[in-house]
């Protein structure tokens, strides 16, 4: 039955779409103004705190709540808001499964990767690579990240500008420049505190806009139940594709497993996220901030999925692509907003404000993290190692400004990448995947060396770009869900037609019908973009380990345990020690992450520990054998008493690794270097 004439775009061919009212422009301008004012406020409030820790790390004393909101905003951007409803309209509900991967992502980020970074007290996540491998590997990693982040920021900035152009006719590049300029301004003057607080404000705007769209859209189509039924009848409601074929675009396995690798590359080792986690006082608070992200990630994801179902409910009988109302999927949600909310002053402005809030939060986070990486890994590492705090802060602000200009220039490249959701996730797989593989190689395989790291990273990047570029040239044939034009009102004849209803929903996620299944390269290009990150990790680790063993593997006993993640102790803490010990691969984790040592893990004289009464630093020390090298006052035990110099664990060139925050704040461990000093020993 034809829809009632409510002034929708497909009911009035040739009519100009509704335009912004004064209220809409005011809401949009207020979003930019509030974001900029927060930057000015913190620039003024912290004007006397001219040190780099304050600018890049917010002083290290932030609450978990704003940090959690900032983590959420940084990568749940306008790309998610625009891309996910388009995914629901064009394909099926299989994408809902990626929400399950978020649980594994947060667990891995909070308990596998974050403790390593936090306990090393790094400003740049890539400092780890120098401790573990070499200075050159650190530089290679940080430069790879910089390229990835610049491209991603350009994509994020372009997406809402495209939406604004489709909704209001406002010049595309005018919006790019205005939003990019505001973002660069408040990030460069306000530092990390401004970024965290503006992100929190922008998340609230995003939630408000999405909820308003879902409620009003559901009312327009006769209720959400009606929209769901229409989607079900068209075959879009489809959750049970368990195909193991990696060429299937979205299956349960590619979304849960492949999605976990894609997103852990963001939450686990991406500088923007690691830097935010290190702005809170303790590791436990940082982990709380990450876990608070899990419900937030799911809430945004499923809000966008539900909106996608409502969008199909409205256009179920007149496809806007065939009707020529829009050209790309990224314009679908803006069209929907103007169709159902365009007559209500303020609502289009709220929608665009929510889109740009997502963009502003991502770009500001990226600019701040890029500034930290280049300052620590390039300027201080190669040119001015003893840069003063005041000058370092000034350099960071200049770097933010420079990267803001570069990001604006790269926005043109983003305009050529097609659908924003798949383009963004593909980018993270092609560049973020090899970086994740590099950190996994270092943290979980103690035998790897710097030559394995170099070749593994290079191999992963080359292989993934080969697949990614090949997939763009030889595009796989991916069936879409059916669309209809029965309710379209055409202004020319012989256009009214419909597409046939499918006989089975399985067609939508069936294995890709490539042009030539016998061509092995075509099968490679058909690989689902959700598997890019996992494939990159596998490539980096395999090549890296092979090269490491060829060139001479690192001795596990020579490594500082802070550099290695005891994965099996984290995943299976209740297994007996005789099972867990071989899984540490010879790395002595005693004293690290509260893992007890067996008697054989350190050559102690007479007994593994000697009991001490709790004492202050001025109390006398009961030296039973005079061979104490290190001790721990947290539990009154001597942890390591070595009989011989050769028994001391070596650090593989990482002797400058500082004690962890847990050791300083909780255990009050006194480093071995202090105890070995005769002068300090006399004082004790």
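The backbone N, Cα and C atoms fix where each Cβ goes, glycine too.
Unlike curated records, TrEMBL annotations are generated automatically.
The feature transmembrane segment is assigned by TrEMBL to 25-44, 65-83, 139-158, 170-189, 201-219, 251-269, 290-315, 335-356, 398-417, 423-444, 451-473, 529-552 (among others). Look at TrEMBL and you will find 595-619, 640-661 tagged as region 'Disordered'. TrEMBL lists 606-619 with the feature compositional bias 'Polar residues'.
Contact between the transmembrane segment (251-269) and the transmembrane segment (529-552) is supported by 3 or more Cβ pairs under 8 Å, counting only residues 6 or more apart in sequence. At the 8 Å Cβ threshold, with sequence separation of at least 6, the transmembrane segment (335-356) comes into contact with the transmembrane segment (290-315) through 3 or more pairs. The stretch in closest packing with the transmembrane segment (201-219), judged by the count of Cβ pairs under 8 Å and taken from 25-44, 65-83, 139-158, 290-315, 423-444, is 290-315. Here the transmembrane segment (170-189) sits against the transmembrane segment (25-44); at least 3 CB pairs are under 8 Å, leaving out pairs fewer than 6 apart in sequence. The transmembrane segment (423-444) shares more Cβ pairs under 8 Å with 139-158 than with any other stretch in the list 25-44, 139-158, 290-315.
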